[in-house]
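Undergrad: Take this structure, written in structure tokens, and hold onto it; I'll ask about it next.
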Amino acid sequence: VLSPEDKNHVRSTWDKIGGHGAEYGAEALERMFTSFPTTKTYFPHFDVSHGSAQVKAHGKKVADALANAAGHLDDLPGALSALSDLHAHKLRVDPVNFKLLSHCLLVTLANHHPAEFTPGVHASLDKFLASVSTVLTSKYR
């Protein structure tokens, strides 16, 4: 459960990301594909090379979904219901991949915002991304 302080950290971070969401989302995906090559199996139709238009487009989708979630912290299941259905029933993404992408996103954010990425912010963002992952995998059961 996200505390009021966690929610403030999440909202503040997403405000600071501003127009860089798509860029950071794509960078996190590239980082995931490089660090965890088996994740590429879910994107057989993608050019997963650095700077790929497909990775950039999917990075924007990831960033937009997380921005939506950050705007609905009190109703993550409602905000992410359609994405949960998509990932569970159509795409059938292994739930461990959400943890891998979350880790890569945290590294990306820390790299771009080192001064703001305090231990407290890191912990709050980790809890937020874990909550998002839990919601996205909730319909697997």
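Just so it is clear, glycine is given a Cβ too, placed from its N, Cα and C backbone atoms.
Summarising the annotation, Swiss-Prot assigns O2 binding site to His58. The heme b binding site annotation in Swiss-Prot covers His87 and rests on sequence analysis. As annotated by Swiss-Prot, domain 'Globin' applies to 1-141, with the evidence given as sequence analysis. What Swiss-Prot lists as phosphoserine is Ser3, Ser35, Ser49, Ser124, Ser131, Ser138 (among others), and the listing cites similarity to another entry. According to Swiss-Prot, the feature N6-succinyllysine maps to Lys7, Lys16, Lys40, an assignment based on similarity to another entry. Annotation comment: Swiss-Prot describes Lys16 as N6-acetyllysine. Annotation comment: Swiss-Prot describes Tyr24 as phosphotyrosine, evidence class similarity to another entry. Per Swiss-Prot, phosphothreonine is recorded for Thr137 (among others), and the stated evidence type is similarity to another entry.
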Undergrad: Could you put numbers on the helix, strand and coil content of the domain 'Globin' (1-141), residue by residue per DSSP?
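TA: Its residues divide into 110 helix, 0 strand, 31 coil.
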Undergrad: Out of Tyr24, Ser35, His87, Ser138, the recorded positions in the record, which is closest to the residue listed as 'O2 binding site' when you go by Cα distance?
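TA: Of the recorded positions Tyr24, Ser35, His87, Ser138, Tyr24 has its Cα closest to that of the residue listed as 'O2 binding site'.
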Undergrad: Please identify, among the recorded positions Lys7, Ser35, His87, Ser131, Thr137, the one with the smallest Cα-Cα distance to Ser124 (phosphoserine).
TA: Lys7
Undergrad: Distance check, please: Cα of Lys40 (N6-succinyllysine) against Cα of Ser131 (phosphoserine), rounded to an integer number of angstrom.
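TA: Pair distance, Cα basis, whole Å: 24 Å.
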Undergrad: Among all the protein chains here, how many other CB atoms are within 10 A of the CB of Tyr24 (phosphotyrosine)?
TA: 20
Undergrad: Check the Cα-Cα distances from His87 (heme b binding site) to the modified residues Ser3, Lys7, Ser131 and tell me which is shortest.
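TA: With Cα distances computed to His87 (heme b binding site), the winner among Ser3, Lys7, Ser131 is Ser131.
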